[in-house]
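> Here's the feature list from Swiss-Prot:
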type	residues	note
COILED	901-930	coiled coil
DOMAIN	587-882	domain 'Protein kinase'
DOMAIN	953-1083	domain 'Guanylate cyclase'
CARBOHYD	ASN102	N-linked glycosylation site
CARBOHYD	ASN296	N-linked glycosylation site
CARBOHYD	ASN322	N-linked glycosylation site
CARBOHYD	ASN346	N-linked glycosylation site
CARBOHYD	ASN466	N-linked glycosylation site
CARBOHYD	ASN488	N-linked glycosylation site
SIGNAL	1-17	signal peptide
TOPO_DOM	18-490	topological domain 'Extracellular'
TOPO_DOM	512-1163	topological domain 'Cytoplasmic'
TRANSMEM	491-511	transmembrane segment
Amino acid sequence: MLSAVLLLLFFIQNVQNFDKIELEDITVYFPLKVDYLAPFGCATGTKCDDEGAAYIPSAMEIAINRLNADKDLEVFHDLDVNYVDTSKTAGPRAARTAALNNGTIAALGLMRDCYIQSTILNINSKIAVSDVCEMDLSSVKGFDQTSVLMNSQTNSLAKSVMYFLDKYQWKKVALVSPSTVLTAFATRVRSDLLDALTANKIDILVDSRLDPMSDITDKVKEDAEKARIFIICDWSSNANLLRNYLFKLGEMNKMQSGEYFVLGYISYDTNYQWLEASSGDQRLVHLGASDINDYNLTENDLHEVYKNVVILSDGPPPAEPNSTWEDIKSQVLMKKPAKMCPPYCNTTVSEKITPRWDRIKLLFDSIQYLADATNDALNIGANIYQSDIFYEYLISRKIDSVTGVTEFIDGYGAIVGSIQIYYHFSSSSHNSYSLFPCARLAQSSLLNTVWSLTDYSEGLSIDFVNKSAPKDTPVCGFYGENCGPPANNTFIIVISVGVAVLIGLAIAAAFLYKRYRYERRLHSLFFMIDRNQIILKKHTNLMSQQSLRSMASIHGSVVAASQTLRDSHFFIEDYNNASSINASSIFNTGSTARAGPFGPIPGFGGVTGASEDEKWHQIPDFGVGLYEGRTVALKRIYRSDVEFTRSIRLEIAKLQESVNSNVIEFVGMVVQSPDVFVVYELAQRGSLKDILDNDDMPLDDVFRSQMTKDIIAGLEYLHSSPIGCHGRLKSTNCLIDARWMVRLSSFGLRELRGEETWQQEDDVQEGKDQLWTSPELLRWSTGLSQCGVLLVQKSDVYSLAIVLYELFGRLGPWGDEPMEPREIVSLVKREALAGKKPFRPDMAVLKESPRIVQETVVAAWTEDPLNRPSLHQIKRKLKPLTIGLKRTIMDNMVSMIEKYTDKLEKDIAERNEELEGEKAKSEALLKMMLPEVVADSLKLGSNVSAESFENCTVFFSDCPGFVEMSATSKPIDIVQFLNDLYTVFDRIIDQFDVYKVETIADAYMVASGLPVPNGNHHAGEIASLGLALLKAVESFKIRHLPNEKVRLRIGMNSGPCVAGVVGLKMPRYCLFGDTVNTASRMESNGIPLRINCSGTAKEILDQLGGYEIEERGIVEMKGKGKQMTYFVRGENSDMRRERIIRERVKFASLKKAQIQEKTYEFS
């Protein structure tokens, strides 16, 4: 071993004379190769963010030249870089290309949002060293980690802020951050800061989230009365929020008093252009602005303001303290990106793009870091192409940065991070007054996690206005609570206040009394309803076609169902009325679709005799009850409890005062933790969406026109009421009452519902409730409660356009668009921002609709909210729809229901037959997914517990060469191949007493002896099945590779096993135990076109008799050690036939085993 290492060291020292190194298990070829993934195409004028990639090729060439000059790193000389343009190739596809490139040792670069890219690389065991990714490594679970992130961590800001708070003993602060432009990374940074402040018992007196471009004067004045120490986090460009807030404090003379201090943070990513400007640039003096003309401040005022301001940033260190870094920056500027081919071949790089020095610094550090780790690994003969081995050399390392500072990679593959500190002062070296980087906060070593300050050439020296740090609390407190009034003036003050109060009471007695009654009413929680006052009812939505079939089957005729439909679209009954309706027949129909009038859900079942608490807990989104003799609707709010603050009580008061024929009536609230419900009047005919989705419900122009008129009338009322807007307009929130009038619901309560914890939707349904939401609200990161009323009103106009599109097109809110809801929502949110045409529904759906409707829809969903028409303009535009119509909506509805009832009488019988047929299909499908005995237990409502089987046999097979076939074939060809092969297999296994467990890619798993035991016949059935499958693949043809043969490899093992149903959605019958693992090892260590058999299975086959078994020998298996293995070569079909006939009476499952007449033998 020692001689091998010495020989390896000799090779490495003389690598320039060799083109490869022979290691123990692999050959390393030189030069080494890496992939670099970045959106290079965005630097050529494309309207997308190049993420600093423009100068990467230039910097890479300089970095490689530096490595070539280092004789200690000869293994990394002449590094071969393959540039992958992610702007032309989707990020995941580019990552997959890099992952499958076996000739590279790592993938560099990646994207900011690199979760999918990193996951693909990790799954494929490819090292990733990213200098731009902003992913949280804690989110990576389920496979070995192979990623290293060189970008700053999200907790760097929190650690730097705590450094200053601890140093000056500040315990009370104000936190200010933008309400817009927050990326996922910025959100995590802010969250980590809040966690750190809370953990260190720092009182957050103010937490303001402001629009950087709005007038914040009043808010700054309000905040200044509540706090003295301000932490301002700004991710906007040109430090708009920090500058605006700070200069407003200056205009109020707060900063000049010396009693205030601002600790500001600006993102280098959005401010690097002016942060890297020369010292004479006015933007460095004015925090990103060229002048201060918009503020009532002078330059001398600014000098006083800046004394109590420290700026933090996540950028790179300055160039001046380090000559090497300064020289590299000069070389990068001289080497123009346009001359770098690849990747800029036959393209022109935009001249306006400036270098991103943070990205370039991280590139140099990444290359040097990867070179050092590779050299260390090869020095001891480690395999650098095996990620789990190589990754150990990449973590817990020190990095000597090109900027002259020391960085650290922790044990999780993430850089420890650092923060640059800026301060305004007059620099002697630059002979100017400006914002200069003066120090750096970071860890001093990998093990010492305490952050310390390191000064640059001109270090941090805070020149406080009052020569000392301000206190976090005024001497007398923020409200004078620490200081009493002067002793001599107490009597005068009391008399004066008393007289003033009496005069005020005399003048405003009537007003105060009215106000008192209003406030008393607010504090009395007048809207609260005792849960015991509501009698819960079962209900189902009869507009559901499945529910109609159930109703008809229960009542035995169409007349009963249609009569109920005339009066209401809900069937309601008492919980204890079990004789009239079988709950399982209506509510447990197997459908998971939701369609209630206040959101999804057709009703809830519940068990007769359940306690009152259980009944309330089982209510999903929507329920029905009886309150004070009237039927009411219960809308669940997804909060475990509610603190009725004054603002929430005011919301509820406005809601109760909203009385209009086109809005739903608010009745009250039921709050008994963990259940919170809003109680409304019940809209008897469900929602507009229920009607539109029912293909059997005929609609005419009168219906559509009247519905349109009602919706606009309801919106007009809300916009002019104290509530001000709707915010959640969609067809499911347009309810239909007994008189066929539209009543809008789910408006108001923006603050109460702003903290709802919504249930997670599945991937297909994710985003479906946002299909009506305007793009500006989709981009609004702080939720509906933080939006201005005017913005939400314009958003209501957009939502109205989608509802009209749905009403007149009757193909849903997005017509026949095939994409999933979440994909539609993503395109609506992002397409316009990327400079593309805004994504909207296909107007071809409305080609048969009136032109005025088409024109209104197009105008109302305009991207710019200010260009959308007002409700008054829309109402005037659509007025011709109702002119000349003499019949009322009720007359039309009565006629419509009569037609609908006649149609039902003809169709119900046919649908009953269809229902029976669908039931049979469902049972057949269930038995295809689960064993028949398990499926029968589930149909009876019984629980299926895990069961232990003393002896069974497990079968695994796969197709060697499948991975290579997948790499060289089209995906559709692979799917056709697997479908053809498994169709043959599935037909064959029907002839044996076996159960197919699952297929994964080319792997096929079968078991025998469970869930119905069959004695020792399980081993024989599996062996016979394997022989039949081997015979079948001899004649099997691969469609796209007709000259290739399937080389099936089979493994089998017998032993004890535990089996049971796992999961609630898409349940699977799964097997557990060492028997399964050993069977898998038999297959993976087997020989193609052979049945590889374990010793335990061989013993059972010997007992059964009739099988030809050949000893293979001892095989080393991972996790199992050395195992004796055998081949099953053939069988005597006569012995099997006699054995099965003899044992069928004893083991019923053998009855499905068909007896083969021919013996299969293989050489």
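Each residue, glycine too, has its Cβ placed from N, Cα and C.
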> When you rank ASN102, ASN296, ASN466 by Cα distance to ASN322 (N-linked glycosylation site), which of the glycosylation sites ends up on top as the closest?
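Considering only the listed glycosylation sites, the nearest one is ASN466.
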> About how far apart, in whole Å, are the alpha carbons (Cα) of ASN296 (N-linked glycosylation site) and ASN466 (N-linked glycosylation site)?
23
> For the glycosylation sites listed here (ASN322, ASN466), which one has the lowest count of neighbouring CB atoms within 10 Å of its own CB?
ASN466
> Restricting to the same chain and to sequence separations of six or more, state which residues have a Cβ under 8 Å from that of ASN102 (N-linked glycosylation site).
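Once residues fewer than 6 apart are set aside, ASN102 (N-linked glycosylation site) is near TYR385.
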> C-alpha of ASN346 (N-linked glycosylation site) to C-alpha of ASN466 (N-linked glycosylation site): distance in Å?
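Approximately 61 Å lies between the Cα of ASN346 (N-linked glycosylation site) and that of ASN466 (N-linked glycosylation site).
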> Tally of helix, strand and coil residues over the domain 'Guanylate cyclase' (953-1083) according to DSSP?
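The breakdown for the domain 'Guanylate cyclase' (953-1083) reads 54 helix, 37 strand, 40 coil.
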> The domain 'Guanylate cyclase' (953-1083): mean pLDDT?
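Here the mean pLDDT over the domain 'Guanylate cyclase' (953-1083) amounts to 88.
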> Out of ASN296, ASN346, which of the glycosylation sites has the smallest number of neighbouring Cβ atoms within 10 Å?
ASN346
